[in-house]
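Student: Here it is, the structure in full.
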């Protein structure tokens with residue numbers, strides 16, 4: 001494209017859209033960002049509960065909540081570097097450690113409480129003797145680690161090896177290749193994952209497990225939305241249109257693209273190129289758009305996005321830090337409906353209020369959807385009270401409760417996590433990201449790292465290089481230092 005300044009429209013204000021906008025601006029091009037909802041960020045979304053004391057900030061990460069210190073996620077840390085070099089000192093984004101596990105985390109299964117890392121549960125649930133004496137996490141690692149080692153050694157050749165089993169579900173692989181009985185598969189899935197997660201493709205599960213061996217994790221002081229707010233400030237409000245769902249996408253005879261909301265008084269915007277940084281489900285809500293080849297249209301219809309559910313519960317006191325075995329961060333797991341409890345990594349040991357997060361995905365998430373808001377809160381408090389009893393921590397969970405907020409991410413067409421079913425990586429991954437004339441595509445589903453911020457940003461970076469016809473551009477913040485050195 002030479003040095004000509006392009007007019008580029010970006011549909012979707014999640015991580016991919018934000019990253020695309022900043023990178024294109026840095027390269028000297030004009031961008032206009034359209035977001036269908038009232039906020040930017042997609043699944044980067046921090047909710048702040050009402051503080052109970054002047055110096056506290058009880059926050060709930062409704063979406064993304066942690067960043068692994070892995071080379072695959074360096075693009076996110078570089079992104080923070082970039083934002084910090086373009087904002088005033090008082091607005092800098094600071095990272096703090098995220099506690100992935102704590103020695104007192106709990107496994108509460110079959111009505112009994114045990115250590116999260118204990119090795120006695122598998123014998124109590126009647127697994128075959130050869131699987132006893134090994135925790136669910138260790139059993140899973142025995143399968144996963146040889147594959148992740150191949151990927152770590154040479155990702156491209158390793159990924160080709162993983163793809164050889166892409167037509168299989170992870171469950172089928174465990175049963176047919178590793179000779180795991182289904183009761184063992186169910187047990188490991190219950191403790192180390194969520195119900196029916198292992199029915200996803202072998203490739204998807206291996207890729208999802210790739211980062212969870214990372215030792216150090218981070219989160220953002222003040223909430224992950226700090227990244228979004230700062231990015232929006234750098235992009236400039238004059239380039240951002242909120243509450244602006246695009247309903248018409250029309251290719252013009254001169255090779256440009258026209259966008260419209262479809263309202264009678266709607267402005268029509270014309271661009272040299274556009275980037276669709278939205279989910280396939282959001283693309284389905286566009287009333288009029290170009291039709292592409294059959295395989296791409298099939299991919300748009302059938303790409304699977306898993307159910308995701310999170311509830312944040314605000315309590316007057318951090319009762320989980322007052323038990324006989326106090327818990328400071330990490331997570332507990334149970335076979336009850338609440339399934340997984342995430343303990344806060346912020347303000348550890350403080351005397352103020354605190355927030356617990358209940359996190360479910362796949363079938364465990366879908367089970368929440370039929371309940372009313374009050375029923376969901378009632379279930380959450382009742383089952384939390386079984387795990388954190390008054391006899392243990394000295395507090396009644398229900399009496400400590402202040403308020404709650406929850407999110408059914410599957411109910412928001414603009415958000416979600418792509419999780420491929422068997423065969424979908426092989427069939428759809430390449431065709432989904434292929435440009436169609438002046439129309440380009442970005443999003444975490446188009447990367448190999450689904451559901452991660454890094455995947456969304458990797459996809460955006462590659463898409464911008466395609467838009468500009470230039471491979472020789474570096475990522476945002478790549479040359480501006482190491483934000484982790486600020487810790």
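Think of each number as a place in line: the chain as shown, counted from 1.
Glycine is treated like the rest: Cβ placed from N, Cα and C.
Quick paste from TrEMBL:
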type: BINDING; residues: 16, 35, 36, 63, 64, 65, 66, 444; note: FAD binding site
type: BINDING; residues: 66, 359; note: substrate binding site
type: DOMAIN; residues: 16-468; note: domain 'Amine oxidase'
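How about a rundown of where these features are and what they're close to?
Tutor: Non-local neighbourhood of residue 35 (FAD binding site): 12, 13, 17, 240, 241, 242, 243, 244, each in the same chain, at least six residues away, with C-beta under 8 Å from its C-beta.
A 10 Å cutoff on Cβ-Cβ distances gives residue 359 (substrate binding site) a total of 20 other Cβ atoms nearby, all chains included. According to DSSP, residue 359 (substrate binding site) sits within a strand segment.
Predicted-model confidence for the domain 'Amine oxidase' (16-468) is 94, expressed as mean pLDDT.
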Student: FAD site residues 16, 35, 36, 63, 64, 65, 66, 444: biggest Cα-Cα distance, Å?
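Tutor: The two farthest binding residues have Cα atoms 25 Å apart.
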Student: Given the binding-site residues 16, 63, 64, 66, 444, which one has the fewest other C-beta atoms within 10 angstroms of its C-beta?
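Tutor: Candidates: the binding-site residues 16, 63, 64, 66, 444. Fewest Cβ atoms within 10 Å: 66.
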Student: Would you mind checking how many other C-beta atoms are within 10 angstroms of the C-beta on residue 65 (FAD binding site)?
Tutor: 23
Student: Between residue 359 (substrate binding site) and residue 65 (FAD binding site), what is the CA-CA distance rounded to a whole number of Å?
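Tutor: One finds 11 Å between the Cα atoms of these residues.
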